[in-house]
Amino acid sequence: MNADDEICRVCRCEGAPDSPLFHPCKCTGSIRYVHQECLVEWLGHSKKTHCELCKAKFEFTKVYSESMPRTIPFTILCRKLASTLKQRVIFFTRVLLTFFCWTVLLPLIFKHVWNLNFKIGDTYTIHARNKTFTAPQKPGYFESISQITSSPRLNTLIANTAEGQVLTFVVTFILITAFLVREWVLQNAVQVADELQGQQFENVNQNNQAQAAAAAAQNLREVREARQRLAMVMEHLRERQEQRNLELQRNGSFEEIERARQRFALLGDNIREPQEEENDVDVDEIFNRQQLNQPALDLNDANSSNSVPVEFNSLHSQNVDYRDEVDSLRPQFNVDEQSSISHSSNASENIVDGAVTQANGIESDFTRVDHEPIIVNNDDENGNNESENEEVIEEDNLNRNVIAEAQNQVVADEERNAVARAAQIAEADDADDFDGILEFLGLRGPITGFLQNCLVIAFVVSVFLTTAVGIPYMSGRLMVEWILFIIHRPTFILRFILSFVNILFDWTVGGAFNIVKILTKLPLLSTVFVKLKLQGIFSSSFQQVSNNMYSWIYDHVFSSSDHAYESLIYYMKTGHKQVVQSFSIFPVFRVCQMFAVILKDFVENYSNRPVDRVFTTLIGYCMFTFLGISYLNRKQFLFNDPQIRNVELAFREVLRQCGSIAKFGIIFSIELVVFPIFCGILLSMCLIGTFKKLAAENLLNVMTVYPAQSIFLAWFIGITFMFEFAVFISMVRKIVRPGVLYFLRDPNDPQFHPIREILEKPMLFQLKKIGFSAILYFAFIIGCVGSVIHLLKSTGIIFPIEFTTKPAVFEAPIDLLALEILIFLSIKLFKPLELTRSFWRTLVSTFCRCLRLSSYVMGQRYSDEEGYYPKQYFSFLRRIISKPSDTENQDDGDKQKAKKDFVQDGFFLWCPSKDVVPVRQGAMLIPVTENGYEIFGEKKKVEENADYTITYAPSNFYKRLIALLLFCWICSTLVTVLLVFVPLSLGRAIYAWCFPNVVKHDFYAYAIGFYSISFPMYAIHASVKFLKLDYLRSLMNKLNLKIVMRSLVMALKYLLLAFLGIFILPLLLGAIWELYVAIPFRTIFNRGTLALDAFQNWVIGLFMLRMIYFTVTSNEERFVSRLFQDAFRDRWTNPQILPLLKNVLIPFTSALIAAVVLPSVFTYVTYPFLSSIFPSASKTLMYRLMHPIFLALLGLALLGRRFVETSSKWSQGIRDDLYLVGTRLHNFGESAPPAISESAEK
C-alpha cells in the first residue's frame, strides 16, 4: 500500500460510499483521514472536542428530518414547557423534602433522643425521686434564637432544631474522627507488631550465630558441588560439539570451524577459572557468565556469493537436552535466567546476509539453532543465482516491512484502546461515586431508599447517643447519687446500724432475761436472788428495765459531760479557724481550699446542671473503664463453650481497640487541647496589669460570664506560644552543635513516631511525661515571662498599655492599609527570621567564648579555651576581642612564653554528635581523656560510634552551662525590653504631638515609634552598603545619552503606571462604591445632607483595586495575567508597560469613567422630562438614585440576554429531541452550514 492511500487513522480501513473518509484537522500523513463513526466513538471515549495532536476543533453539522417544520408548533412548545415545569417542580419538591429531613427532622429526632437519655437518668435515681419540684428547662444555649417570633412553641421548635443541628454536626464529626483514628491506630499498631517481630527475629539470629555459620558452610559446599557438576556437563557438551564440527567441515571452510571452536573454548575458560579462584564466588555470577560467553557458530565466507540454508534440528534437540540438564542444577540457588530469543527485523537481515549472529547479545546459539538456520556458503554456485537472490531479498524486505507495520499498528490500536478503556473506567467510577453521593442525599434514586437511609441514620445515631452518653450518664448518676446519699445521710446509716444492733440485743439479752426471770420463780433460786437483792429487777418486764437503764446513764453520764462537750466544740471551731488563717498564706493551701469550696458547692447543689451532667458522664466512663480493664486483665474465659469463647475473644479484641483509641484520644486531647489552655491561662495571669482594664477580678468575671469564648482565647494564646517556642527550639538546633539538644526530641527525626510511642508506652508513663512538660512550661512562663512583666509593671514606665477600639482614630481604614504595607515592607527589608537567628548565633557564640564552652556547644575547639592564665583576671574579654587564629601567628618566643604562662584544666566528654541518639540513663556524657579513655570507672577506651564525639569541657562544666543559659536569658530580656520601651516611648510622644485631641492608642504609638527608628536605620545601612560597593563610580563610567534617555522613558512609564494605580483607579473605584452603594442606602434611610469624603473613597478604592488585581492574576492562563507577567518580566531593563496600558488599564479606566459620568449626564439631559413625570422628586434625589437605576437596568439587560439565550437553547433542545436524525463531520477548512436536512445530505 502506498503512503498516499487514504485509510482511517483508527480502524486502518479505506473509505466506502456509505462510510466516506474525512480530514477534520490539520494532521497529515497516515493519520489525516478518519471515518466519522470511528471519530465519534473515539471522542465518546476521550471526552474531547478537538484533536489531541494539532488542537484543531472538530466541526459537525446537525442533520434534521425532512418533516421538520420551520417553526416548532405552539402545542408542542406548551407540552414541553409543561413537562419541563413538572420535572422542575418534582425536583424542587424533592430538594425541599431532603432539606427538611436533613436539617429539621433528623436534628429534632437527635435532640429528643438526647433529652430522653438525660431525662431517664434524672428520673430513675434516688435524688430525683426525692425531689418534689423540678424547675422548667430553659431553651438551652440558643436563647437568642428562641426569641425570634412571638409564638413560644415556634420559638422552642426553632431552638430545638438549632441545637439538634449542632448535635448532628458534633456526632458526625466524632464518628468520622473515631473511624479515622481507628484506622490510624490499627495501621500503626500493625507496624509496631511487625517491628517487634523483626526485633525478635534479630534476637534469635544473634542467639543462633553458630547455626547460621553452619548453614552458610553447607551452602558453600553445595555451590562447589554444583560447580563441579557444571564443569562435567560442559566438558561433555564440548565433546559432542567437536563431533558436530567434524560433520560441518564437509560443508564449510576450516577457518570458520576454527573460529567457532575458539569461541566455544571461552566457555571452558570461564568454567575453569572460577574453580581456581576463592571459594566466595557467587553461583549467579557463574551462570550469568556462562550465558554471556556461549559460543556463536558463524560459518560465513566473505568470498562466497551463494549460500544454502541447512537446519541442524538434531543438533538442537541434543543441545536442548543438555541445556535441561544444566538447568536442573539451578533451582536450589535461585539463579536468574537471562537467555532470550529475538525475532526482530535486524536478526532477519543478518540471516539474509549469510551470518548467524546474536540478536540481543546474551542468548545462546544452542537455543537459537531451530529459529535461525545456519547458512553454509557454496563456492561452486557463485554467479548463477545472484540475481535471484537479490529479488528474493527485495521481496523479503517488503514482506517484513508490511508485517512490521501491521504489528506496530496492532500494538498502537491496543494501546489506544487500553487508554480509552482506562479513561472510561475512571470516568465511570467518578460518575458512580457522584451518583452515590446524590442518591445518599436523596436527590436521585427512589424516594423510599432515601427515607430508608434517614431511618437507618436516625437509628444508628440514636444508638450511638444512648451508648456513648445515655448509659454512662445513668451509671454515673446512680453511683454519684449513692455516694451523695451516704454523705448527706450519715445519721440514717447510724440509725440503721443501731436498729440492727437493737434487734440483735433484744433477741439475745431479752431472751436471757426472760429465762432468768423464769428461774427466779423456782424455790431454791428465789432465795438466792432475794439475798442478792435482784428480785426487784426481774419483777418488771425487759422493756421497762432497759428504759430505766438508759435514763440512768443519760442522767449520770451525759449531763455531767455537757459542759465539757460544749467546751470541746467551741475550741474545735476556733482552732479550725486559726489553723485556716495561719495556713492561708501558702498558695498551695489556698488552691486546696478553693477546690474544697468547689467540691462542697458540688455536693450541696448537685442537680441536672450542665457541669453536673458532664461530671456524671465522666464518672460513668471511669466506671466502665475500670470494669473493662479488670475484664481484660482476667486470664481466664468466663464461659467454657468454644463458640461463646469465640464471641468473647472478639469482644476482647473490640475492647482492646477501644482502649487504644481512647488512650490515643486522651493523650492527643491533653497535648493539643488541655495543655495549650493551661499555657494560655498562665500567660493571661502573667499579663494581669499590663493593660489598663485587665485586672484579676475582671479576668475572672469574663471567664465566668463567657466560658466558651474565654477557653477558646486561652487555647489560642497557648497554642501560639507553644508553636513559637517550638520554632525557637528549631532555630537553636540550627545554631548549636548537633547533639547538644539530644534530650529534646526532634520532630524532623524519621525515627520519631509519636503515635506509635503513645501506643507502645503505658498510660502512666505518658501522663508523667505530660506532667513533667507542664512543670517545665510552668517554670518557663512564670520565671522567664512573668518575672520580666512583673519587674516592668513595678517601674510604671511602660505598663499599663492603653488600647481602645471606640472611638475610631481614623474614619477610613487607612490604619489597616498602612499596617499591611508596612508589615510587607518590614518582612521584605528587615528579614526578621534571619535577623533573629543572627542575633542568637552571635549571642550564644560570644558567651560560649567567655565561658570556654565553644567546643561542646558550638562544635569549635579553640586552644585558648582549654585553660587559663593565672595572672589575667579578665581573660574572657581577651577571648572575645582576639581572633582564635591569633595565637597561631605569634613568634616562637611568644608561643613559648604563652605556653609557659598558660595553665590547662578541664577534661573531655564523650557526648552525642546527633540529636536523634537514643537516650541512655547515665551514659550520655562520659568524662574521657583526649584519646578516648574513661577517666572514672574501669578506665577503658570507649567504643567507636559515629553517633558520638569527643568535645572539651572546662572545669565547673555544669555551672558554666547554667551561667550560659542565665546570661542568654538576661541579654535577650534586655533586648526585648529595649525593643518595646524605646519605640513605645518615642511613638507616644509623636502620637501625642500629631493627634492631641484623640484618645491614646499605644498600638498606633508603637507602630509610629518602631518605623520612625527602623526605616532611617535601614536607609543608613543601605547607603553605606551602596557606597562601599562603589556602585556610583561603575554607573558613571557606563552612562551615555542613550542609557539616560532609556532610563527617563522607563521612569515615565513607571510614573504613569503608579499614577494610575495609586490615584486615578482607587478614586474612581471609591466613587463607584459611593455612588452605586453607599449614597443610595444613606438616601433611603436618611434624607439629610450627604458629603463625599475623597480620602475615605480613596482608601476603599485601594482595597477594591487590590482585590480585583489578585482576582484577575490568580489564574496564570488568563490574558490579563499574562499581560502583567510580560510587563514586569524585565522590570529594570525593558518593561512592557504599553501593551498593559493599551489592553487593560486604559479600557478599564474608560469604563470606570463612563460608569461615573454617564448616569449624571443622562440625569442632566433628561431632568425636565423626568421632573414632569415625577414632580415630587427633587433634582438631588434624582442624581443620587440615577446610578443604582442604571445598575438595575444593566442587570435587567443581562438577565434578558440570559433569558433569550436560555430560551433559544431550550427550543433548540426541543428541535433536537424531535427532529434530529444525526450529524455530519466536516473537513478542515470547510465552512459548516448551521443545519441541513436529511434529503440535502443524501
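Numbers here mean position along the shown chain, with the first residue as 1.
Cβ from N, Cα, C; glycine included.
Record features, source Swiss-Prot:
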- 1-89: topological domain 'Cytoplasmic' (TOPO_DOM)
- 1-61: zinc finger (ZN_FING)
- Cys8, Cys11, His35, Cys38: Zn(2+) 1 binding site (BINDING)
- Cys25, Cys27, Cys51, Cys54: Zn(2+) 2 binding site (BINDING)
- 90-110: transmembrane segment (TRANSMEM)
- 187-453: topological domain 'Cytoplasmic' (TOPO_DOM)
- Ser253: phosphoserine (MOD_RES)
- 496-516: transmembrane segment (TRANSMEM)
- 517-578: topological domain 'Cytoplasmic' (TOPO_DOM)
- 579-599: transmembrane segment (TRANSMEM)
- 600-612: topological domain 'Lumenal' (TOPO_DOM)
- 613-633: transmembrane segment (TRANSMEM)
- 634-663: topological domain 'Cytoplasmic' (TOPO_DOM)
- 664-684: transmembrane segment (TRANSMEM)
- 711-731: transmembrane segment (TRANSMEM)
- 732-771: topological domain 'Cytoplasmic' (TOPO_DOM)
- 772-792: transmembrane segment (TRANSMEM)
- 807-827: transmembrane segment (TRANSMEM)
- 828-961: topological domain 'Cytoplasmic' (TOPO_DOM)
- 983-1002: topological domain 'Lumenal' (TOPO_DOM)
- 1003-1023: transmembrane segment (TRANSMEM)
- 1055-1075: transmembrane segment (TRANSMEM)
- 1076-1089: topological domain 'Lumenal' (TOPO_DOM)
- 1090-1110: transmembrane segment (TRANSMEM)
- 1111-1143: topological domain 'Cytoplasmic' (TOPO_DOM)
- 1144-1164: transmembrane segment (TRANSMEM)
- 1165-1179: topological domain 'Lumenal' (TOPO_DOM)
- 1201-1242: topological domain 'Cytoplasmic' (TOPO_DOM)
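Structural mapping of features recorded in Swiss-Prot.
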residue : record                : DSSP (3 states)
Cys8    : Zn(2+) 1 binding site : strand
Cys25   : Zn(2+) 2 binding site : coil
His35   : Zn(2+) 1 binding site : strand
Cys51   : Zn(2+) 2 binding site : coil
Where Cys54 (Zn(2+) 2 binding site) and His35 (Zn(2+) 1 binding site) are concerned, what is their Cα separation in Å, rounded?
18
Going along the chain, which residues at least six beyond the ends of the transmembrane segment (664-684) come within the CB cut-off of under 8 Å?
181, 184-185, 699, 711, 713-719, 721-722, 755, 758-759, 763, 766, 770, 773-774, 777-778, 781-782, 785-786
Counting across all protein chains present, how many other Cβ atoms fall within 10 Å of the Cβ of Cys25 (Zn(2+) 2 binding site)?
23
Among the binding-site residues Cys8, Cys11, Cys27, whose Cβ has the fewest other Cβ atoms within 10 Å?
Cys11
Cβ neighbours within the same chain of Cys51 (Zn(2+) 2 binding site) - under 8 Å, at least six residues apart:
Pro24, Cys25, Lys26, Cys27, Lys57, Phe58
Which of Cys38, Cys54 (the binding-site residues) has the most other Cβ atoms within 10 Å?
Cys38
With DSSP as the reference, give the number of residues of the topological domain 'Cytoplasmic' (732-771) in helix, strand and coil.
20 helix, 0 strand, 20 coil
Within its own chain, what residues at least 6 apart in sequence put their Cβ under 8 Å from the Cβ of His35 (Zn(2+) 1 binding site), listed in sequence order?
Cys8, Val10, Cys11, Cys13, Gly15, Ser19, Pro20, Leu21, Phe22
Are there residues at least six beyond either end of the topological domain 'Cytoplasmic' (732-771) with Cβ under 8 Å to its Cβ atoms? List them, or say none.
184-185, 188-189, 191-192, 660, 663-664, 666-668, 670-671, 675, 726, 837, 840-841, 844, 856-859, 911-917, 919, 924, 948-949, 951
For the transmembrane segment (1144-1164), name the stretch out of 613-633, 772-792, 1055-1075, 1090-1110 with the most CB-CB pairs under 8 Å.
1055-1075
Based on DSSP, tally up the residues of the topological domain 'Cytoplasmic' (1-89) by helix, strand and coil.
30 helix, 15 strand, 44 coil
Non-local residues, at least 6 beyond the ends, that sit with Cβ under 8 Å of the topological domain 'Lumenal' (1165-1179):
none
Short question: which residues 6 or more past the ends of the transmembrane segment (1055-1075) have a Cβ under 8 Å from it?
1092, 1094, 1096-1102, 1104-1105, 1108, 1137, 1140-1141, 1145, 1148-1149, 1152-1153, 1155-1156, 1159, 1187
List, by number or range, the same-chain residues at least 6 past the transmembrane segment (613-633) whose CB is under 8 A from its CB atoms?
118, 121, 469, 471-477, 479-480, 602, 652, 655-656, 658-659, 662
With DSSP, how much of the topological domain 'Cytoplasmic' (634-663) is helix, how much strand and how much coil, in residues?
22 helix, 0 strand, 8 coil
Would you list the other residues of this chain near Zn(2+) 2 - those whose C-beta lies within 8 angstroms of the C-beta centroid of Cys25, Cys27, Cys51, Cys54 - in sequence order?
Pro24, Lys26, Ile31, Glu52, Leu53, Lys55, Ala56, Phe1228
